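What TrEMBL annotates here:
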type	residues	note
COMPBIAS	325-339	compositional bias 'Polar residues'
COMPBIAS	408-425	compositional bias 'Low complexity'
DOMAIN	75-311	domain 'Rhodopsin'
REGION	325-370	region 'Disordered'
REGION	387-425	region 'Disordered'
TRANSMEM	61-79	transmembrane segment
TRANSMEM	91-114	transmembrane segment
TRANSMEM	134-158	transmembrane segment
TRANSMEM	170-193	transmembrane segment
TRANSMEM	213-235	transmembrane segment
TRANSMEM	247-267	transmembrane segment
Amino acid sequence: CITNAFAKLSCNSSAITLCACANVAFQAGLSKCIQESCVFADQVGECLGKKYCGSEEVKRINIIGFALVLPVVALRLYTRKVHSKMLLMDDYATILAAILLVAFGAISIHNASLGFGMHYWTVPVDKRTLTLKLFYISSIFYMILLIVGKLSILLVYLRIFPNRDFRRAVYALALILIFHGAIFCLLTIFQCLPVDSIWDRSMESKKCINTNAIVYSSGILSILEDFAILVMPVRQTWQLNINRKKRFLILALFSIGFFACITSMVRMKYVVQYSATFDATWDNVDIVVWSAVEQFSAILCASLPALRPLFIAIVPNFIRKQRNVEGQGTEQSTMQPQTRPKDAPGRPMGQHEMGPWNQYGLPDEDENLGNGEIRVTTTIDVRWESGTWLEGDSQQDEEVGFQSKTFQAPLQAAPKAPLPVYSKD
């Protein structure tokens, strides 16, 4: 069957190695032929080439992911420290997720340098067991990272949205995530007894559970969790007291989570496709690659909303113009008087009988009050949170670290009311 596979390859003899490595159908047919025709001990003794067909892809994806995600996480922490003066729970969860991501990526890159990404029978004999062992360790890191990354997003939801029912739903989903991670992490660790038999395939006396059932159920549950996390904030975001442009911007940021959902489904496709394989170092390349992409997307989704203060600092002119455009109409329509006071028909617009009005259409604070006149003021309490794209709620002031300032604005000077006059009649 090997001869037939090469006969169907139709490649130029001068570039047969490159042609064979790029031909997916040929690789699949050759792998099937060897697995069905040879026992495992004979398979590892064969050597059909030394081409690193998948190793470079594993390295490239992880390096690109590090270059994108780690600076974003660092900027998030810098922004939070500078503007909020403290780190919150979601920040610590993101730090833990970033550490796990670095560990997962470092193991994958090192494993690729040992031979992961090559066909198992082309991996150097002294490194075959180590590559399978590192793949096993990386799968455990992936399971923990999967849960921590999603929990960091849920912690962002808890900090932003004050609705009680919504928060209960977030807590319920967080409990599901924790149970999911704990159960399937243990199942992954102890999928075979003795545990050494997972990477040492020469051990015949072993007992294993149905690993395909574990992978399928965990993958399906993970996809459902991704969709739940994606859909949950839509209604809450739409109900926020912010303009429509900002609503769409927030939803666009959270939509990065939709890409994470897609990567989960793509990963699941390869898990199903290569559920039963002896060629683990080759067939699991796509699983490792899409697992990394999935986690990179999740951490980006959790970190980007926290960069708003930094964005404003970097692009001050853009923000200032936007505020001026939005504020001009509001100021003209609500802050300045539109009609002349009835009691002063001959005076210019913007001037009151009791004195000049300031730029907001209010009496000047320095204006001297007449005998018996009253100045009416109102107190305006302004609150904001540094480090989010959303506006907060008073129910969460202490929890999320709102800053506040209080202003007193004079409304107008009320003239002395005339005393009633009674006639003797």
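Heads up, the Cβ atoms here are built off N, Cα and C, so glycines get one too.
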Among 61-79, 91-114, 170-193, 213-235, stretch most in contact with the transmembrane segment (134-158) (C-beta, under 8 angstroms): 91-114
Tertiary contacts of the transmembrane segment (61-79) (same chain, 6+ residues out, Cβ under 8 Å): 87, 91, 94-95, 98, 101-102, 105, 108-109, 289, 292-293, 296, 299-300, 303-304, 306-307, 309-310, 387
Overall pLDDT for the domain 'Rhodopsin' (75-311), taken as the rounded mean: 85
Distal contacts, the transmembrane segment (170-193) - CB-CB under 8 A, six or more residues away: 139-140, 143-144, 146-147, 150-151, 154, 157-158, 161, 206-209, 211, 214, 217-218, 221-222, 225, 228-229, 232
